[in-house]
Amino acid sequence: MLVLVEQSLNGLQFGLLLFLLAAGLTLVFGIMDFVNLAHGSLYMMGAYFAATFVAWTNSFVLGILLALGATLLLGILLEFVALRHLYGRDHLDQVLATFGLILFFNDAVRLIWGPAGLSLPLPSWLTVPVQIVPGVFYPAYRLSIIVVALAVAAMLYIVVMRTRIGMLIRAGASNREMIGALGINIKLLFTLVFGLGAALAGLAGLMQAPILTVQIGMGENILILAFVIIVIGGIGSIRGAFLAAIFVGMIDTLGRAFLPDLLRTVLSSAAASTAAPALSSMLIYLLMAIVLVVRPEGLFPAAKR
Amino acid sequence: MKKAFWLAGAAILALAQPASAGDTIKIGFVSTFSGPTAVIGNDMRNSFELALDHLGRKMGGKPVEVIYEDDGQKPDVGKQKTEKLIQSDKVDFIVGYIWSNVLLASLKTAVDSKTFLISANAGPSQLAGELCSPYVFSTSWQNDQTPQAVGTYMNQKGVKSVFLIGPNYAAGKDMLAGVKSTFKGQVVGEEYTVWPSQLDFSAELTKAKNSKAESIFVFYPGAAGVQFLNQYAQAGIKGQIPLYTAFTIDELSLPLQKENAIGVPGAQQWVNDLPNAENKKFVEDYRKKYTGLRPTFYGAQSYDAVNLINSAVVAVKGDTSKKDEMKAEMEKANFKSVRGPFKYGKNHIPVQNFYLQDVVKDADGQLSLKTVATIVKDDQDRFVDKCPMK
C-alpha cells in the first residue's frame, strides 16, 4: 500500500512536469494554429540557462528566477525574429522551419557550452527525503516539483479563466479571425502567448535539470510525450493538457512499477523482465491511438469553433 | 606558424588524392559522435588519434588513413555505416563500437567480407560464444566479465542480497547476468528500463528501496550514469543501501557526478593509474594533447586497438592481403597494452585482470579514479566454450 502511494507520487510528479511542457505547446498550437517543434529546445535552453545562472550567482533560487526570465525573453525574441513570419504558412512549412530551429539550438548549445553537458547541483535543503505519511519518505526536490507545478497550474487556470487576457486567449482559441476583427491586437497577443509558452517550457526544463543532466537534445524525447498529451487532452485546452498529463505520467510510472510483477505471474521471470519495459512504454501510445479512434477531438477539447 | 599552415594544407591535399589500393592502411572507425553519448565517441577518437601520433601515423612503413563514421547510437545506422566503410571505402580494418546492439547489427557485414573487426568496447555474449569469428578481435572485454568481478567483490564484502537495475538492451542483459553468475547472495529483484530514452528512475529506485535488499547493482553507461547517481542520492538512499556499479562512473561522467560518486565502487580492466610505462605515456600525452580532458577506459581500449592493428601490419610488412598471417599475429597479443600484458582466449576476447576502482580527490584536487585492489586475475569469459574456433 505504501509502495502504491510512493509510486503514485512519482507518477504525479512526472505528469505535472509534462503538463508544464504541454501547456505551452497546447496554447501555441491551439490559439495560434502553429506547430512548434522547437518547444523542446526552449525546454533545453531553460535547463542550460539555469545551470549557468546558478553557477554564476551561487544561489539556486536566484539562478532559477534569472533563467526563467531569460527563457521568456528568448521565446519572445524567437517569435519576433523568426516564427511570426510563418503564421500564414502551411503546417509543413512550420514543421520544417521549427525542425531547423532544433538543429540550430543544438549546435548553438554545442558552441557555447560544449558537447559534454552540465550538471545543476541542488542546494542541501532540497536533497533530504521528507516523510509524507508515516513510513513513506519522498525526495524533497520531487515534492517541490509537485508543489511548484500545481501552483503554476492554478495560476494558469486563474489567468485563463478569470482575467481579460485569459478571455482573449480563450477567444483566440475558439475563433482567431473574429477577435482580430473585433480590434484586438492579435500580434501582441500571439507574442505574449508564445513567451508564456516558452517560459513554461523553460520552467519544466530547469526543474528537470537537477534530476536528469543538462545535455544537448534533452528536449526531443520529452517533446513527443508533450504532443501525445495535447492530442489526448484536446488541442488548445489547458484543462485537457493538465488531466492528460497526469494521466500519462501515472500510466508511465505505474506501468513501469507494477507491470513486471504482473507479467511474472503469467510469463517466465526472464521473459517478463524484458517484455515489461517495452510494454509499459507502449501503453501511452496505445492510449493515444484509442483516444484518436473514439474521440478524435481529444478527451477535453477547447470550446468549438 | 605559417609553415605549419602550409604543411597542414599539403597534408589535406595529400589526403584528398585518391589513394590507389595498397598505398595506405585504411581503417574505418564506427562510434557515436552525435547526441548525448557523443562524448564517449570523442574520447575514443582522441585516443585513437593519439596512438597514431605515437606511431608517427604510419604502420609497417605505410601511411594510415582513418575514416570516422557516426552511428548515432542506433543499430540500423551503425550497420549502414559499416557497410559503407567495407563496401565503398574498402577499409582493411574496422574499429570502434561502443554499443553491443550496434555491434551485433554490424557484425555479419564485417565477417562475411572477411574484414578484420576490432571491438574497442562492446562485448556482447554472442560475440564471445556462438558468433565468434577469426576476423573479430576485442581490445575490451566480454560484457559479463566486469559485473562478474563486481559480484566477486560483493561476496568478499559479505553482501547478502542485491537489487539489480539495468537498461533493456543486449549489454544490459549481459551485465545483470554477469553479476548473477558470481554473486552468492540472494537476488531480490531485477528491473530493466527502456534504453536509451528512459532517464527517470524514480519507479525503479522506489522498488529497490522497498525490496529491503542490502545493496543495489546498476549498469548505466554515459549520461544515464550521471542521472542514476543524482536520483539515487536525491532519494536519500545513498546512506542506507550501498551501490555497486559497472561502467557507470568514468572520467567523462565524474565531472558531472561529483560528490555523488564518492564511495561508490566499480570494477574495470583499466584504470588511469595502472603502473606500467605504456599507460603513463598514454595518460600523460592525452592530457597534454587534449587540455582539460582525461582519458577513459573507452579511450584506453581504442589506444590498444591501434597497437593491435599495428602489430599485425608490421608482421606482414604492410601487405594487408595476408589475412591468415595477420590473424595469427594478433592472436599473440604481441603489443604493449596500456592495461598491462594480457593473452587472447580462443574466441579473441582478452584473458585479463579486473581491478576494484574507487573515486578519490587527486593531487590537483579533482575527483579521479584510483585502483584499490585486484579483484580477479587472468579472468576468462564464461562463453569461450560455446565458441567453435580452435
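Note that Cβ sites are derived from N, Cα and C of the backbone, with glycine treated the same way.
Note: TrEMBL annotation is automatic and uncurated.
Taken verbatim from TrEMBL:
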- A:12-30: transmembrane segment (TRANSMEM)
- A:37-56: transmembrane segment (TRANSMEM)
- A:62-83: transmembrane segment (TRANSMEM)
- A:95-116: transmembrane segment (TRANSMEM)
- A:136-160: transmembrane segment (TRANSMEM)
- A:181-206: transmembrane segment (TRANSMEM)
- A:212-233: transmembrane segment (TRANSMEM)
- A:240-259: transmembrane segment (TRANSMEM)
- A:271-294: transmembrane segment (TRANSMEM)
Among A:37-56, A:95-116, A:136-160, A:181-206, A:212-233, the stretch with the most Cβ pairs under 8 Å to the transmembrane segment (A:271-294) is A:212-233
With Cβ-Cβ distances below 8 Å as the criterion, list the same-chain residues six or more beyond the ends of the transmembrane segment (A:62-83) that contact it, or say none. 34, 36, 38, 42, 45-46, 49-50, 52-56, 97-98, 101, 190-191, 194-199, 201-203, 205-206
Take the transmembrane segment (A:181-206) and find every residue of the same chain, 6 or more past its ends, with a Cβ under 8 Å from one of its Cβ atoms. 17-18, 20-21, 23-25, 27-28, 31-32, 36, 39-40, 42-47, 49-50, 64, 67-68, 70-76, 78-80, 83-84, 87, 120, 148, 152, 165, 168-169, 171-172, 218-219
When counting C-beta pairs under 8 angstroms to the transmembrane segment (A:95-116), the leading stretch of A:12-30, A:37-56, A:136-160, A:240-259 is A:37-56
Taking the transmembrane segment (A:136-160) as reference, the highest number of CB pairs under 8 angstroms among A:12-30, A:37-56, A:240-259 goes to A:12-30
Which sequence positions outside the transmembrane segment (A:12-30), separated from its termini by at least 6 residues, show Cβ-Cβ distances below 8 Å to it? 36, 39-40, 42-43, 142-143, 145-146, 149-150, 152-153, 156, 169, 173, 193-194, 196-201, 203-204, 207-208, 222-223, 225-227, 229-230, 233, 235-238, 240-242, 244-250, 252-253, 302
